[in-house]
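Record features (TrEMBL):
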- 255-266: compositional bias 'Basic and acidic residues' (COMPBIAS)
- 270-306: compositional bias 'Polar residues' (COMPBIAS)
- 2-120: domain 'Ig-like' (DOMAIN)
- 125-214: domain 'Ig-like' (DOMAIN)
- 255-326: region 'Disordered' (REGION)
- 222-245: transmembrane segment (TRANSMEM)
Amino acid sequence: SRSLVITSDEKSFEVAQGEKVTWPCTFEISEEDQGSLDIEWVLIPADNQKDEQIIIMYDVDRIYDNYYPALNGRIQFTKSDPRFGDGSLDILNLKAADTGTYQCRVKKAPGVQSQKIQLTVLVKPARTKCSIEGSQEIGKDVTLKCTSQEGSPLLSYDWRRVSGTRGLPATAVLNKNTGELLLKNASKEYSGTYNCVASNRVGTDECSVELNVTPPINTAGIIAGAIIGTLLGLSVLAFLVFCCCKKHREKKYEKEVHHDIREDVPPPKSRSSTARSYIGSNRSSLGSMSPSNMEAYTKTPYSQVPSEDFESRPGQNPTFAPSKVAAPNLSRMGAVPVMIPAQSKDGSIV
């Protein structure tokens, strides 16, 4: 006699993230298997210390698919009625976290059979970027870089030239694991469009970069121009600072001149009082004059009197009106009266 047998034989799957996978679990029942049919799919943890987790079950003509929250809404039996020998399972929208070991168990007393399946969810290469490192000058070494920001290992990179001769230069050195393409001693002929393809077991992604090899740049001229420009800029800045400081000092000086009023300075004397004081001082000194110095005194020009009232304009002779002022009383002024000798026509003193 025969017992229950699982006829499917696939045991390992590698599927890309986001795709769908179908795990086969077909079986045959013998006449001896008289019990109720029970089909279970369980997740076997990597840690043997943990218990198995039921993810879906068929029991007594009913399906239970809410045991494992991580797969809720993403699992279903391939056949709506698995009792006719097909307990295969579909998993939709696979995620990297779905990677693991699963087991299909079929029970119909007294027969019991199981089969393990290994699932590996891989991430396709994505967001691949190309770049150029190094100076794109004739005679220099240039490195083309290619990196995928997403993708399950092992990733492999391959470069190809898509313009011109469509072949990599003779000096090119490719590292497929890192995605670097080294172009030694670059020449003008190396210019063109290069394409990088990143791949793993479940997919590919690619990017492109434009290489333009040019003659060396005159760095000395650039440096000299930068220095000259910097010096000119500093000169202009210094001139502006100097002008601002000068203007500030001028404004400060004007403010001090117009608003600095000193209270301890006496008011200026009038012009008339200056002249009077000078004449009065000369008259008061007449008492001490002798005939010898009287002659010198009488010859003193009026132009020496320090009075602005006696100043005349150029080209004009000053005229004086006869004095109407009476002779001062010398006694009141505190001077001693002096007899002034007179001289006759024959030279004798009177």
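The backbone N, Cα and C atoms fix where each Cβ goes, and this holds for glycine too.
Unlike curated entries, TrEMBL annotations are predicted automatically.
In the predicted model, the domain 'Ig-like' (125-214) shows an average pLDDT of 94. Taking DSSP states H, G and I as helix and E and B as strand, the domain 'Ig-like' (2-120) has 9 helix, 56 strand, 54 coil. Here the domain 'Ig-like' (125-214) has, by DSSP, the following mix of helix, strand and coil residues: 3 helix, 51 strand, 36 coil.
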